[in-house]
Amino acid sequence: MASASEEWLLENGNIKVLSKEMRNGRTAHNVSSSSLRKKSDRALLAGIRVGFLRRFLGNLQEVLLGTKLFIFLLAIPFAIAANYSHFGSVPWVFALSCLGLIPLAERVSFLTEQIALYTGPTVGGLLNATCGNVTELVIAIFALIQNKVGVVKYSLLGSVLSNLLLVLGSSLFCGGIANISKEQKFERKQADVNSLLLLLGLICHVLPLMFKFTGKSDPELTAFATLALSRASSIIMLIAYFGYLIFQLFTHRQLFQEQQEEGVVESDEVETDETPVIGIYSALIWLVLMTGIVALLSEYVVATIEAASDSWGLSVGFISVILLPIVGNAVEHAGAIIFAFRNKLDITLGVALGSATQIAMFVVPLSVIISWIIGVKMDLDLSLIETISLGLSILITSLALQDGSSHYMKGLVLLLCYFVIGACFFVSWAPLNTPNLGFSSEMVRL
């Protein structure tokens with residue numbers, strides 16, 4: 001039976017205890033995000049007798065104050081005010097929008113979990129699988145609408161590189177230091193599945209690149225063939241991703257079950273018998289509202305990225321590949337490190353590899369399909385440097401995880417690889433109007 005404090009929060013539906021079966025609908029991303037949440041004191045509003053007001057204030061308390069990242073939510077109204085009142089400079093709009101996007105991904109994860117408690121593990125798992133990287137997807141859509149295909153390609157590439165090298169590397173490094181006297185083990189089967197999918201995605205990027213080098217005699221025909229191949233490959237990648245969902249949620253859910261239950265039990269921020277804290281209709285309304293705010297801030301980011309580039313002396317490519325993914329992956333980064341400190345590497349790997357797989361096999365091909373629908377020509381050709389960076393990142397991550405064990409040295413190597421790639425993009429995409437740093441203009445172009 002629900003307690004009095006639960007009753008006024010649940011205006012619709014029946015309370016369902018988060019059973020073992022229900023937890024199977026959660027992904028490692030959700031378990032990781034839950035480490036950044038904090039419990040709300042429901043007794044604070046128990047004295048309010050007006051039912052509607054009680055539910056409304058309870059929802060505000062849970063949705064807005066139920067995260068440790070609440071302070072970053074304050075950047076949202078400042079970003080909107082900066083955009084409309086034009087105080088300061090345009091880069092302020094870009095910076096404030098990026099800060100505001102940081103907690104929104106965790107809040108979307110929280111709301112999808114609340115909906116999953118009513119709909120069951122299957123629907124909840126599908127929601128989590130599609131909403132896990134909503135920030136990257138919305139930014140990509142707005143960039144495509146403005147025909148900024150380069151921003152889409154580089155931001156999504158940067159998200160994959162960030163998850164494979166920065167998120168995973170820092171997690172393994174910090175976890176290895178914190179558990180230096182313990183043997184760190186993890187389940188290889190999940191990592192193998194993600195590595196296979198990432199290699200499939202790499203093939204779909206390499207083949208369009210090869211067209212560029214084999215069809216120089218007829219550039220127009222080569223461009224047409226590259227675009228056609230990219231669209232066909234995107235369909236194949238989406239089929240592979242939906243197959244992965246079936247594998248994860250139905251046929252082989254036992255491979256993912258242990259890490260999720262272990263994370264729920266070990267996390268002191270999540271109750272073992274978790275009940276929904278807001279009603280299903282309230283969760284749906286808040287989910288739509290949060291997605292709308294993500295869309296608004298994403299539009300600001302895309303619209304002001306060139307101004308930020310000129311103001312900061314950084315190229316659009318470097319900002320898209322390095323800075324934007326760090327903002328988009330901030331929640332995964334923090335959660336993965338927290339569980340690495342607790343020696344829960346299965347959850348850490350599920351976060352980093354799972355998010356990289358979702359970007360590479362779902363968001364990227366979906367962006368190509370969306371661009372096809374709206375009449376924008378986006379292909380999977382990332383050019384030589386980007387494709388090599390992606391391939392080497394997948395290779396070194398697979399090699400680091402091949403023996404099912406970890407230590408801080410593996411994390412350090414992955415981090416250093418990310419820094420080298422970041423330096424490569426910084427130098428390769430340096431703007432020509434960069435102040436004189438002792439290099440000639442020819443060297444800057446190189």
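Even glycines carry a Cβ here, placed using N, Cα and C.
Any TrEMBL annotation is an automated prediction that lacks curation.
Taken from TrEMBL, the feature domain 'Sodium/calcium exchanger membrane region' applies to 91-249 (among others).
Look at TrEMBL and you will find 283-421 (among others) tagged as domain 'Sodium/calcium exchanger membrane region'. Mapped onto DSSP helix, strand and coil, the domain 'Sodium/calcium exchanger membrane region' (283-421) counts 117 helix, 2 strand, 20 coil.
The transmembrane segment annotation in TrEMBL covers 63-81 (among others).
Per TrEMBL, the feature transmembrane segment maps to 87-105 (among others). Non-local neighbours of the transmembrane segment (87-105) in the same chain are 33, 67, 69-70, 72-73, 75-76, 78-79, 81, 133-135, 290, 293-294, 297-298, 300-301, 304-305, 307-308, 311-312, 323-324, 327-328, 330-331; each lies 6+ residues outside the stretch with a CB under 8 Å from one of its CB atoms.
Under the heading transmembrane segment, TrEMBL lists 126-145 (among others).
Within the chain, the transmembrane segment (157-181) has long-range Cβ neighbours (under 8 A, six or more residues past its boundaries) at 133, 136, 198, 320-322, 324-326, 328-329, 332-333, 336-337, 339-341, 343, 345, 348-349, 351-353, 355-356, 359-360, 363, 382, 386, 389-390, 393-394, 396-397, 400, 406-415, 417-418, 421. Annotation source TrEMBL lists transmembrane segment at 157-181 (among others).
Residues or ranges marked as transmembrane segment in TrEMBL: 193-211 (among others).
Residues or ranges marked as transmembrane segment in TrEMBL: 223-247 (among others).
Residues or ranges marked as transmembrane segment by TrEMBL: 278-298 (among others). Beyond the ends of the transmembrane segment (278-298), by six or more residues, the same chain brings 9-13, 55, 58-59, 62-63, 76, 79-80, 97, 100-101, 104, 107-108, 111-112, 114-115, 118-119, 134-135, 138-139, 141-142 to within a C-beta distance below 8 angstroms of the stretch.
As annotated by TrEMBL, transmembrane segment applies to 318-341 (among others). For the transmembrane segment (318-341), the list of distant contacts is 29, 31-36, 69, 98-99, 101-103, 105-106, 109, 133, 135-136, 139, 150-151, 154-155, 157-159, 161-163, 166-168, 170-172, 174-175, 178-179, 263, 301, 305, 308-309, 312, 347-348, 351-352, 355, 422, 425-426, 429: same-chain residues at least six beyond its ends, Cβ to Cβ under 8 Å.
TrEMBL lists 348-374 (among others) with the feature transmembrane segment. Panel annotation: around the transmembrane segment (348-374), residues 27-29, 31-32, 129-130, 132-133, 136-137, 140-141, 144-145, 149, 152, 156, 159-160, 163-164, 167-168, 171-172, 175, 186, 190-191, 194-195, 197-198, 200-201, 204, 230-231, 233-235, 237-238, 240-241, 244, 256, 259, 329, 332, 335-337, 339-340, 380, 397, 401 of the same chain, lying at least six beyond its termini, place a Cβ under 8 Å from a Cβ of the stretch.
Sequence-distant contacts of the transmembrane segment (380-401) (same chain, at least 6 residues past either end, Cβ-Cβ under 8 Å): 153-154, 157, 160-161, 164-165, 168, 172, 186, 188, 191, 195, 198-199, 202, 204-206, 208-209, 211-212, 226, 229-230, 233-234, 349, 353, 364, 368, 410, 413-414, 417, 421, 424-425, 428. The transmembrane segment feature in TrEMBL is assigned to 380-401 (among others).
With a cut-off of 8 Å between Cβ atoms, the residues of this chain six or more beyond the transmembrane segment (413-432) that come close are 161-162, 164-166, 168-170, 172-173, 309-310, 313-318, 321-322, 385, 389, 392-393, 396-397, 400, 441, 444-445. Per TrEMBL, transmembrane segment is recorded for 413-432 (among others).
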